[in-house]
Ligand code: KG4
Ligand code: ZN
């Protein structure tokens, strides 16, 4: 019996992974880092919509209510038990501290009770590794990480090493989408609907492309957001009705231009085998189309788009990243705590 179990463990590595950094409670079972046996995602979006954004206390409460049934569903859908697992992986930052704590506590409890190694995962590394479900990541790689809280260009010389070469100096791209979406009367999170409207309109407003021409790889979206708000406010005062489709198209074109231009310039300085697009905003069809076109000019760089269904927060991506850190034996212990402003630094020094 024991021998059979050991053999099974050699053949397949099973990681139970947790994600609770914001408004999705998610638990997954991932086989060998690249195969999803289950990926349960309990979204809380409806509870936050009436507030126009995520309310931290409400998020924590929902995570507590959902986490146990998410674990049960993830194991039963994967048709595995605790004894089949090799490790437990968990997002421990960045994110909302009260929300992160629920996932971290649940993961520590399972790891402790079942004598399993605990693998701490940076949420942003998780987003990058969503692309692992498309094909193996080849290094060096560059990731354009665009989410509700982050907009970063991340250089990865080898597995588990992350260097931020550019980031937003103010709003994240997703945050800007959500803010201008509100003015267009779209519920939080607005990105997907703004993207849909944008495809029906034209770039007639010529909004600013902040920092597009400067030498850094940093981004700024607050000027674009203000230009958008000023335009709509001014029209309101004059009693004019502007085309929502054209407003969305103009906003999206400005965002996509800056993201694509900076990424292409970064590729010139950092020749890589793959460019990975990941994070919630990576679901943006305009951005996916634009990068696909731009990458045609790069013979030696392949574009890896995170699967549409895995762009938003989910535990499968945490399991994929967790598998890499598991193999590098980057383990946590009972002292692991949530780190709301976790950065990539801790991993870039790890050997
Ligand atoms: O990565 P994510 O699920 O959560 C964070 O870690 O922040 O990203 C959520 C963000 C939201 O701001 C949402 O509006 C945006 O991703 N988003 C999009 C699209 N789908 C989601 N933004 C632009 N276009 C989309 N299609
Ligand atoms: Zn995220």
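Using the three backbone atoms N, Cα and C, a Cβ is placed for every residue, glycine included.
The annotation Fe cation binding site is assigned in TrEMBL to 123, 127, 313. Sequence-distant contacts (6 or more apart, same chain, Cβ under 8 Å) of residue 313 (Fe cation binding site) comprise 19, 21, 22, 23, 24, 26, 41, 123, 280. Secondary structure at residue 313 (Fe cation binding site), taken from DSSP and collapsed to helix, strand or coil, is coil.
Residues or ranges marked as substrate binding site by TrEMBL: 145, 146, 147, 148, 149, 178, 191, 195, 284. There are 24 other CB atoms within 10 A of the CB of residue 147 (substrate binding site), with all protein chains counted. In the three-state DSSP scheme, residue 147 (substrate binding site) is classed as coil.
Annotated domain 'Gcp-like' per TrEMBL: 35-319, in sequence order.
In this view, the densest Cβ surroundings among the binding-site residues 149, 191 belong to 191, judged by other Cβ atoms lying within 10 Å. One way to see the shell of the Fe cation site is to take the Cβ centroid of 123, 127, 313; the remaining same-chain residues with a Cβ within 8 Å of it are 19, 21, 22, 91, 95, 124, 126, 147, 279, 280, 314, 317, 318. Residues distinguished by a CB atom under 6 angstroms from ligand 2 are absent from the binding-site residues 145, 149, 191, 284. Taking the binding-site residues 123, 127 in turn, the residue surrounded by the fewest other Cβ atoms inside 10 Å of its Cβ turns out to be 123.
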